[in-house]
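> Below: one structure in structure tokens.
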Amino acid sequence: MLIRLKFLKSKPELPSSVVLGALYIAKIAIVALALVASLSEHVFYFGLMPKFNVISMALVVQTVAIAASIYLHYREQFTSRVGSTILLLFWPSTFLVTATRLRTTVSMGVHHHYVTSVFATGAFMLLSVTAMFVEMQPKPPALYEPLEDDTDSESIYLHYQSLEERANIISRFTYGWMTPFLNLGTHKPIEFDDIPQLKSKNLPRAIAKVFQRNWRDEMDSSQPSLIRAVFRTYWPEIAVRWSMIFVYSMSAFAHPILLSRLIGFMTAYNGPDAEPVENGYFYAISMYLVALFRSFILQQYVTVGYNTQFRVKTSFMTAIYRKTLVLSTDSRKEYSMGEIVSHMSTDSSRVGNFIGGALYEVWSLPLRIIVALYMLYNTIGWSVFVGVGFTLIGIPLSSGFRKHLREVNKLIFEHKDERIKVITEVLNGIKIIKLYAWELPFIKKISHIRNVLELGAVRDFGIYQSITVLFSTVLPFLVTFSSFATYSLFDNKSHGPLNMQLVFVSMSLFGMINTPLNDVAGFLLNYTQVMVSLGRLEKYLGADEIDSMAISHSLYDRNGANVSSEDVLVDVQNGSFKWLSTDETPLIDNVSIQCKRSELAAVIGKVGSGKSSLVSAILGDMTKAGGNVFIRGSIAYVPQQPWIINATLQDNILFGHELDPEFYDRVVEACALKPDLEMLPAGDMTEIGEKGINLSGGQKARLSLARAVYARADIYILDDPLAAVDAHVSKHLFTQVIGPSGLLASRARILVTNAVQYLPKTDSVTMLNNGSVVEQGSFNTLMANKGAVFDFVHKYIENETSDDVNDGSDTLMDVSSSSSSVSLRSDIGTARIANITRAIVTVDKDDAQSNESAALESGQLVQRELNQQVCSIRASRKNHESMLLGVLRSPMSYFDVTPMGRIINRFSADIQESDFSLPWAIASVSSNLFGIITSLTVVSITTPILLVLFIPIAFFYKHLQNLYMSSSREITRISSSTRSPIFAHFQETIGGTLSIRAYGQEKRFISDNESFLENNARATYISMFVKRWLWLRLEFLGDLILLGTAVFGVFSLQIFGYGDAGLIGLAIIYSISLNNALSSSVDSYVEAENSMTNYERIIEYTVLPSEAPEIVDDSRPAESWPQDGTVEFRNYSTRYREGLDLVLKDMSFSVQPMQKVGIVGRTGAGKSSLTLALFRIIEAAGGQIIIDGEDISKYGLFDVRSKLSIIPQDPVLFVGTVRENIDPFGNYTDEQVWSALEYAHLAEYIRSKEDGLDYKVEQGGTNFSVGQRQLICLARALLKHAKVLVLDEATAAIDNETDAIIQQSIREQFKDCTVLTIAHRLNTIIDSDMILVVDGGKVAEFDTPANLLADESSIFAQMVQESQGSGNSSS
């Protein structure tokens, strides 16, 4: 008390206006009355016993303590925001001591002579209880609200937002602080904001900080151990829990002792050795108190255990996230996205649950068995060792089962990882899969992994598990039976005959052995699973990281006193880099490149020359094999494939920076995003789907560029940002952003590009070939040298010239023989050639100067086996197949609005619940119900009077269940809804690690991850407390049944003079079983319901809105359809999904057989939407699409999509071989595949690989450049050779020379096909038969190139002029 007072004196006082109230005055008044009662007691006893003795000394201590408590009450009230623990323990302790003293005085007969002293003692006891009750009342809510302009009160506010931290010790032990929350659930559905905050030390950031420090220490040791790091971090919680479990386990042996005494008392009651009846009641009540004590201890150690589980799991999840941000390229190749997600979702939970849950069984199970065996030896002698023999025989058998379980469990994980990896890939490329009509091969591939491999392993796991459970069920029966049989046949004397007392006590002890023996199987099973998961986690967290020292980073103060325009911010000196440390030769070899503070350095080269690899090397994403890289200042990075986060468009641009409205508007304007903001439904507050799924390729590219510009970095790494945009937009972006007069003119810029028209405005040009520098220098110098750069540039000029000449001669001759038309076209062609040539060979000098019971148990076994083998696996297979089909058959609009993490969560966590948790939860409900019926029958027959007690208990059970269920359902729902964002954000992070590191945004993303974890933890954490609240009250009611059984037995003996000790013993044993069954029944029912919630989510995904049928049996096209390739749009309109505006409006045009049509238009005009409409990715809102005279809407989707061909804008590859990526159905021969690769100009590269067509494609095709991926997509189209081909910006990521070759291949190979080409490079479509100009979702123009160019007011002519202007501007 003195220590507490000293501590309180150091704390500031709370506002008197808040703490000084009626409750405080009442509290002080009650304590003052208690002091008066204590003094009165002392005066009365002093008159009775004037000499100093133990009682008078106790009264003196009591009086002094009460006096001191008055001051303590004052200090606690004015300085503490939580009820005093010392006072809450002091008052009940004082009550118990006073009650003991009162019993002593009554037994001495003092109360007959000094009645007033007894009244004083009684009054003091009453006041003690009242004082404790008053102290238990919650503090005023105003104490937890921050005061204005008070930083200390703000921190206190944040600390006490957890209701758990506000609760006093009694409320924490009884979980009373949860009652208002549960009452709230009965009045309205619980919402996220209703869930209490976590206590401060359970916040993910606090947990991660401590664990990361200990894990780093382990990594610095010679043999790092993950489990050792966990113990170093959480040993206090583990020690406290183990201490509680020890007390709980040892207190269990009090029951057999008290039961033996009670049965002995009842057996001898009418005999000469009868004990006083008070002893009987003492034994009965003691059994109840022990049970009550054990209930409290049980809930507390479960709470501490959950805390440990939660913290360990959170430690792993935060560590995995952080690790993902720094994985080396070698490690990224080893771990797929599915595997990393599995580590976070499954492995971390499994290991955390084991450490905070079952780990104590390592010592607890042997200890309980040994103590029980010792007590059994004292009960039935050496006969017990016969049973021990059976136990020893079972140990090696259990070890064998454990080994098999471990192997099978490892297989399950491997197959699950493989399945999730494929599903993740499918979801990433769902649009491509639908365009190619490849759903069937992927469904077959996933179903094979799931049904044959994974469920095959689950079935084997179930068999071994059932054998293990059967063995652990039969073994305790053999131990009990053999011990009793041996005692009865060969002893029966040493401890008396085998009577009721001996049998029931022994059975109780055998039951205490059976429990740990049964738990051994579960522990071994759990242990095997955990060891696999722990090994996986340790391996991942210990995986190689990027070498932070490979790149020398330093700060740069742009406004410093000693800065100059000659400061080099990027300096690569003889750099050699490899993707994998095991690669024999570097991919980037001996490259040197510099970029000064306001310099624009261009990097050019053919497809696969190493341009993007050089960017990755500068950003530190490759393994440095030699040389040096120096970076001064901050970096902004624009990747070749834009990485867009699932947030608003504004958040994508700000990317964690503060909003500066003026500069923000300038960035939006400069990046040509204003027209897009006007089109989007909510402007820049429009939610962008995962990976920017609701944006066009050009919009994503400009959004990615805007993010970089807004970052106001010192260095800009731009990986071909102009490839995905139209020519006029490209010009705008270069002029307003990248070029010498753009927003970035004063920054260091490294631009990877194939847009050679901008090279004259760069300060230096570096050309790569096969990872080495071919030429380097200023543009003028390189052109003058007439080397590789000169050839590269002039190849572009030739392409432009060739396109113009062809278009100006052959096309015009076909259309008209008018000499004036020919003259006009020739003049236009001549003018374009002159403009392009002048743009390329002229340098503007002024511009250049500005630059992540056994029978029961056996019955249960059979039941579980039936559920697991017959029902579970069959249901799991069916559900997974239906869900997979449901997801893949959903329209693209579904994927636009559904985060991929949510879908992955259904296929991982929810399917795992369906495979394992749900069958066991249903079996548990059934077995508990059977146990309740059996126990009720036995207890009712032996003690009929208890039926009266059952009625109110049943009422309270139902009340508690209803109170619990009303909140539990909502909490489970919230837990599920807050879980998905964790994995959606994690997967998003995995896809953008390079961008996150480049921008230096690791801390922000780690913080976001911790916020998502915190939101989910609030729901799961409160769910645990709700369960503990329920269990404590259910066990309290169950313990009343035990009390009633024992007390009524003694009462019957006392009043009626008879009582069957055997029946009472049996009733007590079954009442204990009934208590357990009743408590477990509510929990298991809720667990089953919660598991059914996961199951419902699976079912929900089996009935998703579907696309049109794949095949319409009574309406299938002819095998040869389409024969001609006529494509006609008749008043066609469409939208992406219901509720949105039309994206194509009343379009009408007709494409004749074998025509080549170029489709152009501003970004967002509807060009790609037209493609999606043709493939029925989006359905018609009006009008028709006719192909060869047939309305495509009457055919099934497979019949339509499989008959068309497309080379998409986003090249997507899947894990597998090159052959599987080109011909997944296996419809073509190797020769045909090689021929397609030849025409795609990729055969030479594939032949250079040892495996040829069987060369493995890594996840996402990361072992191919973006250009090479597009060439593989081209090979798919060449192999299929459909009559109608769509090219959706198919060569955007390819250099001009390769583009020219590809265009020639397309002209030759598809000369008898109808080709629709969407292009930003106008030179790729200038020789088309027809040009379709789309504007605002409508057909703006549709005519020959010649006619459109002849009309200077046409949109097409203006676009051509703008594309020329992009070169003219330099002259």
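If you go along the chain as it appears here, the first residue is 1 and each next one adds 1.
Quick reminder: no glycine exception, Cβ is built from N, Cα and C everywhere.
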> TrEMBL lists transmembrane segment for one of the ranges 382-401, 522-541, 1062-1081; which is that range?
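Matching range for transmembrane segment: 382-401.
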> If we call contact 3 or more Cβ pairs under 8 Å (sequence gap 6 or more), are the transmembrane segment (354-376) and the transmembrane segment (245-269) touching?
yes
> Given the model, what does the mean pLDDT over the domain 'ABC transporter' (1127-1361) come out as?
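Across the residues of the domain 'ABC transporter' (1127-1361) the model's pLDDT averages 86 on the 0 to 100 scale.
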> Under 8 Å between C-beta atoms and at least six residues away from its ends: which parts of the chain pack against the transmembrane segment (21-40)?
59, 62-63, 66-67, 69-70, 73-74, 77, 120, 123-124, 127-128, 130-131, 134-135, 137, 140
> For the transmembrane segment (245-269), could you work out the same-chain residues 6 or more beyond its ends whose Cβ comes under 8 Å from its Cβ atoms?
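Sequence-distant neighbours of the transmembrane segment (245-269): 275, 279-280, 283-284, 286-287, 290-291, 293-294, 297-298, 301, 360, 364, 367-368, 371-372, 375, 500-501, 504-505, 508-509, 512, 1046, 1049-1050, 1053, 1059, 1061-1062, 1064-1065, 1068-1069, 1072.
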